[in-house]
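J.: Below you will find the structure I want to go over with you.
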């Protein structure tokens with residue numbers, strides 16, 4: 001700890017980030033890492049044995065292709081086959097009509113690249129067009145490197161083998177031989193979330209970060225999509241299982257902030273918590289067996305009173321609703337999403353995005369051809385890889401690519417100087433490469449915030465030490481050239497994406513926040529009563545709120561990287577946005593607490609007050625886009641005598657008023673958090 005205290009704050013934050021990423025627990029991560037690791041070693045063995053070129057490209061296919069579950073791996077493998085046909089076909093067309101004419105070749109390749117980048121952003125199968133764009137621009141380097149058309153054709157045909165045999169390999173490993181099914185990952189994930197919930201129910205633990213809670217909720221939703229596509233039994237009983245996922249998410253996120261020591265430890269409360277934990281354990285056992293859980297628990301009057309006293313009544317109701325739900329309930333028909341985004345042909349940003357990518361590639365190609373420096377062809381690949389919809393995400397990808405390339409270059413340098421002279425055969429080579437590939441595979445299976453570092457590290461290492469050589473290599477020039485090519489491409493892309501039609505999210509962020517607060521207002525309008533339909537709607541919208549707040553958080557991080565904005569305005573926007581996100585999360589949990597007390601009352605007394613809260617929140621959200629939002633001030637009216645039996649409800653609603661008053665005032669020249677107390681609210 002003393003060593004960390006002596007380090008600069010940015011270094012400490014970087015170390016904390018990598019610790020979080022490398023220690024991430026995710027169902028399916030270990031099998032995916034092992035599959036990727038074994039696949040990389042097999043690719044090296046096969047490529048070296050049969051002298052197949054472009055080993056780095058084969059490794060890249062594996063890193064992009066092997067996914068967290070068998071269904072996703074199979075789906076990506078099919079896309080890769082289609083992409084290989086399209087990309088090789090486009091290359092042959094370019095070579096046929098313009099092999100000896102670089103200008104004509106670029107004129108033909110340019111529209112292909114633009115079309116691919118446009119479709120990558122607007123089409124559901126954007127990964128296919130991304131692969132075609134990569135090969136279309138990479139293939140322009142073949143005629144420049146070689147003067148013999150026959151050799152270029154052979155290299156292009158080799159690209160078919162290089163792309164397809166790793167695809168076959170990952171299908172055998174990840175789909176046929178050692179499949180990791182989404183259904184088993186879902187069972188494990190649900191049980192892990194319930195284990196965390198029980199721990200917070202029985203012990204006084206520090207709450208987990210809200211960002212982690214939201215990511216876990218989104219991970220369950222993604223697994224649910226894969227289970228629907230991959231498992232017939234899950235599809236048959238999908239309504240029950242989707243309700244199970246929503247219930248587990250609610251229990252997990254709510255108990256994360258639960259502190260059992262803040263309530264009196266009466267015998268009735270202790271027994272109720274034990275009973276609730278026992279029911280959760282029964283649900284876990286049913287999930288492990290892959291069965292729909294049915295409960296015969298009927299809450300007695302004393303248990304209901306104990307649940308209300310320890311603020312667990314709503315959790316109890318959601319659990320019982322799941323246990324009494326018919327497993328054969330017909331699912332709600334899901335709307336099929338369109339293949340293209342709605343504004344694909346009306347929003348000029350998509351075409352501008354394609355033009356910017358083409359411009360960056362042409363600048364790099366001109367420099368690459370002008371200096372006649374064959375080794376820096378990675379600059380053009382970099383322009384395509386780091387091309388993202390907005391400035392912030394492009395900078396994020398640039399940092400990841402540069403970081404991965406730097407680590408890969410350092411490893412390649414050490415490998416060439418210290419290890420390569422001592423190697424005599426392929427077995428020794430595989431033993432030395434094994435820890436490098438294992439590290440890259442583990443990083444590549446982390447979250448999207450850092451996974452590309454692992455991919456880029458291994459690809460850069462392979463480009464510098466294993467590319468098109470089938471024996472010991474001691475040329476350090478390759479390491480220098482690949483790294484410089486990536487740096488050149490990163491610099492050119494940064495300049496283009498910053499100054500040519502920059503797509504800033506600074507204006508989109510307030511709209512995103514308004515959408516999240518609008519969903520929160522919908523939650524407040526749902527009748528607070530023990531009714532199945534209302535409860536299910538409440539849980540589903542609550543999951544949507546997790547996704548909305550997480551998206552706003554990620555957008556804040558991207559806006560922080562947009563250096564073309566005024567620094568003071570950017571800092572003010574980020575500070576206000578983070579305050580809204582924080583207060584929105586607190587409002588959601590505070591509103592959960594009002595449900596526990598309001599359920600015991602006649603619901604007819606509640607809609608007016610709930611509507612008052614929702615109206616104030618909608619008014620605040622409506623002014624975010626124009627920066628006209630002020631902190632809502634809500635006055636609570638006198639409590640009717642019929643509600644005096646539950647004074648806790650009044651205190652909880654007063655707390656909601658305080659949270660409303662702490663929302664930032666967007667009309668102020670500087671962010672001054674509201675410290676004054678809301679009218680009608682008490683501390």
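Yeah, the Cβs are placed from backbone N, Cα and C, and that goes for glycine too.
Annotations per Swiss-Prot:
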- 43-63: transmembrane segment (TRANSMEM)
- 75-95: transmembrane segment (TRANSMEM)
- 100-120: transmembrane segment (TRANSMEM)
- 125-145: transmembrane segment (TRANSMEM)
- 158-178: transmembrane segment (TRANSMEM)
- 402-422: transmembrane segment (TRANSMEM)
- 426-446: transmembrane segment (TRANSMEM)
- 457-477: transmembrane segment (TRANSMEM)
- 483-503: transmembrane segment (TRANSMEM)
J.: For the transmembrane segment (457-477), could you work out the same-chain residues 6 or more beyond its ends whose Cβ comes under 8 Å from its Cβ atoms?
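T.: Residues packing against the transmembrane segment (457-477) from afar: 40, 44, 47-48, 51, 53-56, 59-60, 63, 375, 378, 404-405, 407-409, 411-413, 415-416, 420-421, 423, 436-437, 439-441, 443-444, 483, 486.
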J.: Rank 43-63, 125-145, 158-178, 483-503 by Cβ pairs under 8 Å to the transmembrane segment (402-422) and hand me the top one.
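T.: Stretch with the highest Cβ contact count: 483-503.
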J.: Looking at 43-63, 75-95, 158-178, 426-446, 483-503, which one has the highest count of Cβ pairs under 8 angstroms to the transmembrane segment (125-145)?
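T.: Most contacts with the transmembrane segment (125-145): 75-95.
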J.: Of the listed stretches 43-63, 158-178, 426-446, 483-503, which one has the most C-beta pairs under 8 A with the transmembrane segment (75-95)?
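T.: Going through each listed stretch, the top one turns out to be 158-178.
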J.: In the same chain, who gets a Cβ under 8 Å from the transmembrane segment (483-503) while lying at least 6 residues past its ends?
T.: 349, 352-353, 355-356, 359-360, 363-364, 367, 375-383, 386-387, 389-391, 394-395, 398, 401-402, 405-406, 409, 460, 562-564
J.: I need to check the long-range neighbours of the transmembrane segment (158-178): which residues 6 or more away from its ends have a CB within less than 8 Å of a CB in the stretch?
T.: 31, 34-35, 38-39, 42-43, 46, 52-54, 57-59, 61-62, 65-67, 70, 73-74, 77, 80-81, 83-84, 87-88, 91, 135
